[in-house]
Amino acid sequence: MATVIPSPLSLGEDFYREAIEHCRSYNARLCAERSLRLPFLDSQTGVAQNNCYIWMEKTHRGPGLAPGQIYTYPARCWRKKRRLNILEDPRLRPCEYKIDCEAPLKKEGGLPEGPVLEALLCAETGEKKVELKEEETIMDCQKQQLLEFPHDLEVEDLEEDIPRRKNRAKGKAYGIGGLRKRQDNASLEDRDKPYVCDICGKRYKNRPGLSYHYTHTHLAEEEGEEHTERHALPFHRKNNHKQFYKELAWVPEAQRKHTAKKAPDGTVIPNGYCDFCLGGSKKTGCPEDLISCADCGRSGHPSCLQFTVNMTAAVRTYRWQCIECKSCSLCGTSENDGASWAGLTPQDQLLFCDDCDRGYHMYCLSPPMAEPPEGSWSCHLCLRHLKEKASAYITLT
């Protein structure tokens, strides 16, 4: 019995247009990927395909050369690989050149003979002995310097410095080499981590890391000591610690929203530097406009925040919030946010839009979502504004 195939128009015009749009976007992305990755592996045949160079432009056309030929296109430059040609015919062997080494030696005086040669050899051995003695004296001086400062040495270097019966000089060289390696590593660490804690001496690469260290180590220790022991630390150390916080202008995470710097009109004054790269803009190397949080004033470059082009343009149209101040755009609360997902159900988590970075509770959406979607997700505002350019349409379903 014959089956009836329904017409596409009977399914609805909106459904048909949506299917065509998905097909168009898929073909566009497929062609873009094929032009970028060469050679690419054909998923149907399993063959690594290369660019065939059959697509030419009008500017490449030339006059026809053969009768009946309308156009000609320039050929690709082809170069044959060089290979080693084995000459089997004895008559085709390369010419043999005999270099007369004795002639220039005779012209320049040649090698000395008799007692003159012996004197030169004795002088060379004497120079070598002098150099060895100088090296030994230098090693002894370095050894004395190391013994004057024994606290700078590690246990392994002290063990290696113990003279052995077979290789006495080798053991000395190991200890000095280890010290040089440690000095080089220390200089590299000083260069890579310029921010130093004035209490424990720990180093960090950036200022936010140093601020985190102060908060979660020394500040917590001081608060506990104030409750348990009133005379635990001297006053000058605590005052220096608090003075460092004043110079740093750092605010704890729990008090950032309430103690952010505000203008006379009540608006939050944004920071003039990026909190991630501290103004270096290391990812792009180009100047970028900062994006500031409307609640705490923290700023960041779009490249440091890993924002797309759509997201960078969208965050300037509303009061953008950083990840620490993020709240639901529908209910306005920040409970059960994504920063503390441990022990929460998927419905209690904040879902972020991939086009505008707005946050939504999954139970605030209409209809509510039971679990986060796979791939990119766009909110209803971005779907209405961007339409087919939204991330949800580009993602394959």
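Each Cβ is built from the backbone N, Cα and C atoms, and glycine gets one as well.
Per Swiss-Prot, the stretch carrying the note zinc finger among 75-98, 123-146, 147-170, 195-218 is 195-218. Going through Cys274, Cys277, Cys322, Cys328 against Swiss-Prot, the one listed in the Zn(2+) 2 site together with Cys293, Cys296 turns out to be Cys322. Among the binding-site residues listed (Cys277, Cys296, Cys325, Cys382), Cys325 has its Cα nearest to the Cα of His361 (Zn(2+) 3 binding site). According to DSSP, the zinc finger (195-218) comprises 12 helix, 4 strand, 8 coil.
Assigned with DSSP, the residues of the zinc finger (271-328) fall into helix, strand and coil as follows: 9 helix, 5 strand, 44 coil. Same-chain neighbours of the Zn(2+) 3 site beyond Cys328, Cys331, His361, Cys364, judged by a C-beta within 8 angstroms of the site's C-beta center, are, in sequence order, Ser329, Leu330, Gly332, Thr333, Leu350, Tyr360, Tyr363. The secondary structure of His361 (Zn(2+) 3 binding site), as reduced to three states from DSSP, is extended strand. Over the zinc finger (271-328) the predicted model carries a mean pLDDT of 79. When the binding-site residues Cys274, Cys304, Cys353, Cys364, Cys379 are ranked by how far their Cα is from the Cα of Cys296 (Zn(2+) 2 binding site), Cys274 comes first.
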